[in-house]
There are 2 protein chains.
Amino acid sequence: MELAYHFRDASLAALALTHRSAGKPNNERMEFLGDALLGAIVAEMLYETHPKATEGEMSRLRSQLVNGQALAGLARELELGDRLKLGSGELKSGGFRRDSILADAFEALVAAVYLDGGFDACRDTVRTLFADRVAALPRSSKDAKTRLQEWLQAHGWPLPQYELVGTEGEDHARIFDVNCVVNEPMVITAAGRGSSRRLAEQDAAELVLNRLLEPLDG
Amino acid sequence: MELAYHFRDASLAALALTHRSAGKPNNERMEFLGDALLGAIVAEMLYETHPKATEGEMSRLRSQLVNGQALAGLARELELGDRLKLGSGELKSGGFRRDSILADAFEALVAAVYLDGGFDACRDTVRTLFADRVAALPRSSKDAKTRLQEWLQAHGWPLPQYELVGTEGEDHARIFDVNCVVNEPMVITAAGRGSSRRLAEQDAAELVLNRLLEPLDG
């Protein structure tokens, strides 16, 4: 696979492929910018392809696509390893094969395209590289209640309870408030709402699921 | 302060200001996209304004600019609170004043500008909003050895040792390898390199500092 972009300034591409072991300047600063651009461009792809996914689902899908191992895979497809500039220590120890070094170079290369050709060029390049991977994602995921139930069963936890807490508004525009409660092994409660009881339950289940799945720094 | 952007499609701005307590559709999905765009645009600003900052420094500067409290502050300057659409429960409990709700609306609004006017419009808008804040950041931070020393002293840890491990290359292009070692209360070692012993020490100090400061999920 080749990068569908031709650099006007080849020195930007070269810098993107220069690992810190080769001294300064190197690709570390570009990697910071590329990581952020990649996050935004893939976020937009998921926003378009998964119109019903919640924020939490899109976030999880993105971390399936954008993580060290996945980016290293893309770097290998682009054969970046052969073009990396490494210090002699990393060369000897085979640094050109290491996931973290490859993933960083890939991110830096995304920034290099942005700096060389602007956002549209960068976006086109990233979208081309990720098109197949995004297309391979489950299109419409199981609903939140089902996913929560499966998670709880897989972990040997009892099933949640859904409690209708109240309703709001006139008959034709009623809003339902539902709590989803997991009691054991720890108490987790979330308040959902929606235009039907079912939608409110899905909403509450999604929130509980997010708490169970998301890293603590969330 | 006003948003320096005029929406073609006012419904996008309205959706960005619709909190989940008002039912669906709401601004949660847009918030995901806006958060990512904001991260990329502010990353680029720092990449430009802080040409000597390392990846770790830029990352810390960005989190000073882009966090719940800071974004809520921007939302207040834009008087978003008055325009939020909230469910009656949140209305009663003063949700329009809450940092998290305001910050989320701000992020969603960034996405709305992107969806309505494209990347350049979104970038211009964000850069205008953040210009003063970015200008107020320390332009050249203290060097890494000084910052590491200050951190260690503030935490009552002993000072680090710098050990020249070796050199590489010819006299005119020599590269120095230096380890920075913290022994107590836990052992942290990092290998730095640079075209002088001093630069290699700074490099190693920066890496130790990153390990001390960065969240464990890094």
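Every residue gets a Cβ built from N, Cα and C, even glycine.
What TrEMBL says about a protein is an automatic prediction, not a curated fact.
Note that this is a predicted model, so its numbers are computed, not measured.
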According to TrEMBL, which candidate in A:GLU31, A:GLU168, A:GLU170 joins A:ASP104, A:GLU107 at the Mg(2+) site
A:GLU31
What does the structure give for the C-alpha distance between A:ASP104 (Mg(2+) binding site) and A:ASP35 (active site)? Integer Å is fine.
8
The domain 'DRBM' (A:143-214) - residue tally per DSSP class, helix then strand then coil:
31 helix, 23 strand, 18 coil
Determine which residues of the same chain, besides A:GLU31, A:ASP104, A:GLU107, have their CB within 8 A of the center of the CB atoms at the recorded Mg(2+) site, and list them by sequence.
A:ASN27, A:GLU28, A:MET30, A:PHE32, A:GLY34, A:ASP35, A:ALA103, A:ALA105, A:PHE106, A:ALA108, A:ALA111
Would you mind checking how many other C-beta atoms are within 10 angstroms of the C-beta on A:GLU107 (Mg(2+) binding site)?
26
Confidence over the domain 'RNase III' (A:1-118), expressed as mean pLDDT on the 0 to 100 scale, is 94
Quiz question: given the recorded positions A:GLU31, A:ASP35, A:ASP104, which has the greatest number of C-beta atoms lying within 10 angstroms of its own C-beta?
A:ASP104
Listed binding-site residues (A:GLU31, A:ASP104, A:GLU107) that sit near chain B [CB under 8 A]:
A:GLU31
